[in-house]
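Novice: Feature annotation from Swiss-Prot assigns active site, proton acceptor to 34, 255; the stated evidence is similarity to another entry. What Swiss-Prot records for 34 is N6-(pyridoxal phosphate)lysine, and it gives similarity to another entry as the kind of evidence. Residues or ranges marked as substrate binding site in Swiss-Prot: 129, 303.
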């Protein structure tokens, strides 16, 4: 009997990369594998994508794991380096790094390195989180061009704040700032992540940085799914029924008795709970698939178990397969039901969930 298991479909992952190349045919691909590849497994994901042009991570430790695992493609530190003492490692490993503040720039100017570092200057075009403000960017860029430790030319990167809101006007403003600053500069350019790839073809430039859409999940909050853009779900969260019980009309189930059956029925108990990372906030009615059939969660999600209403005529039995999200049940639907973003759902699964890779 299978307990909580994440099944990762390598074929779907490769399909999605190819689909994104079709959407941005003139751009190179930075496959973003931060946060353990959005919960899909850092090394296995990178090894599944030998055709990616580069990989993007948030921490130096992630980049080092890629190198130790045999990944030789360029690796971009999306948030840059956090300590000047890391620069020799970045140089020796040929990592690319974002540079977004005075402390990082000064560290580069003062370092003694055997080889220069490939730099992506981060321009704050409107996210207002990381990056050099436009009014300070000219002088900052000039110092990078004069720095002996920076491989020339300097590349330029930014990030959209509201790419998933095509009518708000913010993305057009960010693009205008980005284009104005990049004009006449020789380096590579990148501003589009998942939302930019899908909705803003004029933002694709030299490199795009697919994140959640690479894993077949829509970055938009408009009830779309990855399938709407030709992508396939890579992760399926699965488990099994561990019991099937007769349940009488008028009886509650679970902690607090929050759900009471209106009919005689059969309940299934699934080996899954918030101890595995499934959202405790999932309300009654949240769907799961049992033997490929959609049935509702009933009662509260517990640490280790979830109850589902199989229906009075159900023939399901202990040991039968359950899909909590993934193939046949998009995680975007679970996000909508639970009010927990799909980003959080797929990245917060706990260590007791087994990982299985299939082709």
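Including glycine, each Cβ sits where the backbone N, Cα and C put it.
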Novice: Determine, from DSSP, whether residue 255 (active site, proton acceptor) sits in helix, strand or coil.
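Specialist: DSSP call for residue 255 (active site, proton acceptor): helix.
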Novice: Counting Cβ atoms within 10 Å of each candidate's own Cβ, which of the recorded positions 34, 129, 255, 303 comes out highest?
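Specialist: Neighbour-count leader: 34.
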Novice: Spatially, which candidate from the recorded positions 34, 129, 303 is nearest to residue 255 (active site, proton acceptor), comparing Cα atoms?
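Specialist: Result: the closest of the recorded positions to residue 255 (active site, proton acceptor) is 303.
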Novice: For the C-alpha pair, I'd like the distance in angstrom between residue 303 (substrate binding site) and residue 34 (active site, proton acceptor), rounded off.
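Specialist: Roughly 27 Å, rounded to the nearest whole number.
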Novice: Specify the secondary structure state of residue 303 (substrate binding site) as given by DSSP, simplified to three classes.
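Specialist: Note: residue 303 (substrate binding site) is coil by DSSP, not helix or strand.
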Novice: Whole-number Å distance between the CA of residue 34 (active site, proton acceptor) and the CA of residue 129 (substrate binding site)?
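Specialist: With distance taken Cα to Cα, residue 129 (substrate binding site) is 18 Å from residue 34 (active site, proton acceptor).
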